[in-house]
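Participant: Here it is, the structure, as C-alpha cells.
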Amino acid sequence: MLPITDRLLHLLGLEKTAFRIYAVSTLLLFLLFFLFRLLLRFLRLCRSFYITCRRLRCFPQPPRRNWLLGHLGMYLPNEAGLQDEKKVLDNMHHVLLVWMGPVLPLLVLVHPDYIKPLLGASAAIAPKDDLFYGFLKPWLGDGLLLSKGDKWSRHRRLLTPAFHFDILKPYMKIFNQSADIMHAKWRHLAEGSAVSLDMFEHISLMTLDSLQKCVFSYNSNCQEKMSDYISAIIELSALSVRRQYRLHHYLDFIYYRSADGRRFRQACDMVHHFTTEVIQERRRALRQQGAEAWLKAKQGKTLDFIDVLLLARDEDGKELSDEDIRAEADTFMFEGHDTTSSGISWMLFNLAKYPEYQEKCREEIQEVMKGRELEELEWDDLTQLPFTTMCIKESLRQYPPVTLVSRQCTEDIKLPDGRIIPKGIICLVSIYGTHHNPTVWPDSKVYNPYRFDPDNPQQRSPLAYVPFSAGPRNCIGQSFAMAELRVVVALTLLRFRLSVDRTRKVRRKPELILRTENGLWLKVEPLPPRA
C-alpha cells in the first residue's frame, strides 16, 4: 500500500478495506503517471521553444517594449502604427522578427526575394495559419481562402473556369449598371455643385450590389435600401475585425457567450440561409430540366458564379456539394466587396490629390468614349486605357487593399541568404512593407504612375508588386477586380471632377483591408453632359 493511501482514506473518513486500498492506490498511480506525462510534454515544449528561439537569433528585431509584452501594442492598426512600421522598414529591408508576448514569435518578410520562398511554396508547405484566419471559419467555411491540402487544390481547379474571360465579359454590363446607380445618387446629393462624400461608404455598397448580381443574379437594390443580407455581411466584417483586438475573445467558449459572439452567429445564420436557399433552388431546377435544357434557358442571360459552380465537375464526374458551393460563394462575397471597394476608393483619392493625373485619365477615357451615345464601357475598351491602368497599379502599390497575408510553415524553409525559417513559425508576408521598401521602390511615398509605364519597364522582381498576392495561392479573382476597378474609375472621371476635402484629414487604418479611421471624404463635382 502507498503511504499516502492510508492518509487519504483517513482524510476522506473511509474505513480501510482491501478493495478501497487497492482502488485508491491504483487511482493515485494513474494520477502520478498522468502528471508525469504532462510534465514530460511540458519539458518537450520548453526544449522545442528553446531550440526555435536559438534558430531565430539570426533574424533582426526592433527593440521590444519589455520581456512580457514583446512588441505587442507597438504597431497599432492606425496611421501612427503604419508610420512606426515605416521607420522600422527603413532600417530592416528584408526580414524581421517580432514577438507577440513572450512565447509567440512572428517573422515579417518585406522584400521580393524573401517573400518568394513563402508565396511560391505549395499550400501543403505554407498553408494559411489558423491564428489570423480562424475567426472567419464559421462564416466562410472551407472556401478557397481557408481550405488546405487536397480540398484547396480541388476547389482551385474547379473554380478557375469561373474567372475565365468568357465568363467575365458579360459582367461588364453589371459593373456599368452598378456604377450608374451610384453616380445617380451622387448627382442627386450634389444638386449641381460640389459635395463631400465618403468614398468607402458609397463604393462598398456599389461593389456589394455588383457582387450579388454576379454571384446570385440577385438585385437587392442595396444602394438605395439596405437589405438584411447586405447588413449581415457588413456586420460580420466589422465583428471579425473587432475580435482580433480583444484577446479574451480568442477563446470560442467566451466569445460566443458575449454580445458580439451572439450577433456574429445570428449574422452567419442569415448569410448562410440566403446562400443555401439560392443554391438549393438552382440545383432543383438543374436536376428537373437537365444540364442541356437548363443552359439553353440561360441563353441571353449572364451565367453567374453559382451557375458555374453547379456545373463544375471533376474528371470522374463528381460535383461540388451544396456546402462547398456555399463556402465559395460566401468567400467570394467577403473577398470581392471589401478589397475592390478599398482599391477604388484609394484610387479616386490619389486622382483627387493629383489633378494633373486625373485630367490625363479623363482625356484618355473621353477618347475611348468618343462618338458613343451610351456611356458604357465594353470589355475590349479596358485595353485602351493604358494610363488609367498605370494609375490604378500605382495606387494599389501605395495603398494595397490587403496589407499582409500570413502563412504557417509546416517544414523548414530556406531563405536566399541561407537563413532558415523553422518549422511551425507563422510568417507575415507584408504586402504593404514590400510595396514601401526603399531598396525596391525609391521614393516609395511618392505617387508616380510612370513606375508602371510599359514603354519604360523597370528591372524589378515580379514579386516587388503583389497586391493580389502571388504563387499558387494568389487571388483567383484579380481579373474580375481589375475589370471592375477600371470600369468604375473610368465612368466616375467621365462624369465627375474630384478634389480632396481639406477639412477632413485622411488617416489610414489597416484592418482586414486598408481603410481609414474616419472615412475617405472627397469633393465630388458633376461635370456637364458630353456633347
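Just so it is clear, glycine is given a Cβ too, placed from its N, Cα and C backbone atoms.
Relevant sequence annotations retrieved from Swiss-Prot are reproduced here:
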{"type": "TOPO_DOM", "residues": "1-22", "note": "topological domain 'Lumenal'"}
{"type": "TRANSMEM", "residues": "23-43", "note": "transmembrane segment"}
{"type": "TOPO_DOM", "residues": "44-531", "note": "topological domain 'Cytoplasmic'"}
{"type": "BINDING", "residues": "Glu335, Cys475", "note": "heme binding site"}
Participant: Using DSSP reduced to three states, classify Glu335 (heme binding site) as helix, strand or coil.
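Facilitator: The three-state answer is helix.
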Participant: Return the residues near Glu335 (heme binding site) by Cβ distance under 8 Å, restricted to its own chain and a separation of at least 6 in sequence.
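Facilitator: Within the chain, Glu335 (heme binding site) has Cβ neighbours under 8 Å at Leu145, Cys475, Gly477.
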Participant: At a 10 Å cut-off from the C-beta of Cys475 (heme binding site), count the other C-beta atoms across all protein chains.
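Facilitator: So the number of other Cβ atoms within 10 Å of Cys475 (heme binding site) is 22.
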Participant: To what whole number does the mean pLDDT across the topological domain 'Lumenal' (1-22) round?
Facilitator: 62
